[in-house]
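Here is the structure we will look at.
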């Protein structure tokens, strides 16, 4: 048979694949800045391209010479070796030593497999596979095994690298991690059970970009394995060759697409936008055209088959009519008795255009039988395992004798030439109508060549036309934009990108131009600011200094106002009770602390006042103890103003009522009513801008009968027999200065000996419990105070301590304690309460609160709290140390000097505090005192470089040049690289 070019059904599909790999390998070959993984990928593409070209030759050349296409198709093993190298080196080689062994070893295996295949097939018989429409060799298991081995190697590499790069943190990883804390046997069991699902999840969900890219390449290996599996199904007869070929084409295109996409999207080397578009376009078009070509060619095949069946039916009709006027395309007509069996029948030649005879028929049938026998034996090896070759051949021959060929279906015969035939039955005779196989191939060829030309032309058009079209509409505008970006990166802000069309690129260019203009204007403004920076800094500094001086003046003025107000208030808050039967004492903790001319004070709206009255007639009167606790509305000055007014009015009333042992001919109810009316009228005159809540009580010194009213003040507390309870349960009167919807009335309550009455402002309840998510949590439970009273057993200082232990007090706090005929009555402190505020501070509570405030960054509040404690007991060393350090760190140097001096007078052996004292003295200008403190540090720590530098600078400032130089030399000997020493030396040199 002469060699001829006849494209078969599958020629266009493999030509598409060859063209695709050729284009993609060319894309990589001409790529700039190629890395080692790129070279391995080129080798892979060339290997696959060689294989596809070999298949294209086999489907195009209708000659036994086409069997040698297998030499090219087996070359794919070299491409797989290239893929192994790519798997090792992409994105980076984490197994360098292993790769130096495996890659050369894989190459040796590939070369050995290819050489072995060539040697074995050099003189082997060439067979024609009608199902595939091409010539081939009946050999290749060893090469297939080598290819499979290389795929397994690449799969193992990819799986290991995906696991290495994976950052899976799901449930299996958590179980694996938690197993580390278990006992060894249990740990081994858990890790063994978790190992497989854990690594499967790492492969499925790699998370990191390297793992995702490698997973895409693993998918391509799986697709290749699917192709191999489809080949097995085809060889076993489950899948027709046409279905296998179409599936092979689709999977191959998808494989190449996956490889190219994963490489372009995750390659560490730079890629071009044009390359990505072209490669994606070629893959898409080739897939589409390949699918169209398969559909077209198989449609043509079905049309040919239908025409042949029509002519077969014509022959059938002619035979029934006893005629031999057969259609022109019929090459021969044979007949034989009806019966099973594929071969070895006695045929009668009824008609032949090609001069068939019995000898030609037998020789052709023998050739075809041997070919079919080999294929059938291979299939039976899987069905009849353990059988010998002769047994398998016997079984296969028996099956061939028992098989009845289908009627009306395309069958093939070799009789000198290749033929297609269709069979039909008339009575006891089976007829065979033959057509020329070459004519069938010629029809397919005529269609396929145009499809191949279309695929080739379309690909060339894409490669030529797309760059031209894209260069004008996309690449040039992008390059112009990139050029502008590069110029801006190099500092050129006079860039203006030309905009040809207002598409997406045009919009980007317009936005870029606007951005550059904004940057240029901003830079010019910045440069202008920089040119005049020194002047502006001086101007701003002067303004800031003036504002600071003004603020300082106002602060001093404000502190002066605070101080004067506090001086006015102190005489009014007086525990004037002298009763021996009713004991009273109180404490006031105003929230606002201040310092004026080294004097500390407090300011707020809380007020406490006590005194004694005589009510009745001069001959028959009763002694009463008056107690008042109030809380004026507002903070700082506003509250202080209200408490001042209340203090003045109440002291005036008490002066009128009790001066010179006066006896008022009034009942307690009348006195309390008149007092309420007078105070209310005074506050009412302020039109609501100044109001006060208060509780005023009168207690009969002998009987304990208590008369009182509560003007919207926190409920009064009775402490009796260890239990605390509220005297009131509802609001009965509005604040003084506000209209009240309630009718005024004086309330009564009978006290028993030993009873305590606790009056307190709302500071007892306003406690900051905690701060959660920047939200302050404030106490809202008024019953907390009852628990505090019970735990404190009515002791006023314990009450304050326990309140502060619950939370931070965020309002003014005043507590007034009234005890009736107490057993072991505590002596009334006769000292002037105006000068004894600090004596009532609970040192430990204030120390704890101050320390906590400083930790939370509220240093000024901490200093205020600690100053209260210091005023109470300035001999508490623990307190003095904390207050001294905080005031030093907050740059309150006068206070630091005062407190640290006090501390060091009792504990002079702390070098660190002497150093802080020296620095503080220096900052306020007391250089001599600073030098004395620094010398104390030097005596205790002569190697302290920091102090030596400080001593040198002090002596320099005091004019002691020799001493300054001496301390500088001592410091330099210890730390010659100290920057401060070098600066000090320069200053000394400049001044000498």
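From the backbone N, Cα and C atoms, a Cβ is placed for every residue, glycine too.
Looking at 387-407, 408-428, 429-449, 450-470, the range tied to transmembrane segment in TrEMBL is 450-470. Long-range neighbours of the transmembrane segment (143-163) within the same chain, counting only residues 6 or more positions beyond its ends whose Cβ lies under 8 Å from a Cβ of the stretch, are 74, 76-77, 80-81, 83-84, 87-88, 94-95, 102, 106, 109-110, 112-114, 116-117, 199, 202-203, 206, 210-211, 214-215, 217-218, 221, 224-225, 228. Take the transmembrane segment (277-297) and the stretches 68-90, 102-123, 184-205, 245-265, 450-470: counting Cβ pairs under 8 Å, 450-470 has the most. When Cβ-Cβ distances below 8 Å are used as the criterion, the transmembrane segment (184-205) is approached by residues 159, 162-163, 166, 168, 170, 172-173, 175-176, 211, 215, 218 of the same chain, each at least six residues removed from its ends. Long-range Cβ contacts of the transmembrane segment (68-90) within its own chain (Cβ-Cβ under 8 Å, at least 6 residues beyond either end) map to 35-37, 40-48, 50-51, 53-55, 57-58, 61, 98-99, 102-103, 106-107, 110, 113-114, 117-118, 121, 134-137, 140, 143, 146-147, 150-151, 153-154, 157-158, 161, 213-214, 217, 263.
Helix, strand and coil content of the domain 'HAMP' (472-524), in residues and according to DSSP, is 39 helix, 0 strand, 14 coil. Taking Cβ pairs closer than 8 Å, the transmembrane segment (245-265) reaches residues 9-10, 13-14, 16-17, 20-21, 24, 41, 44, 48, 52, 90, 132, 213, 216-217, 219-220, 223-224, 226-227, 230-231, 239, 271, 275-276, 279-280, 283, 286-287, 290-291, 294 in its own chain, all 6 or more past its ends.
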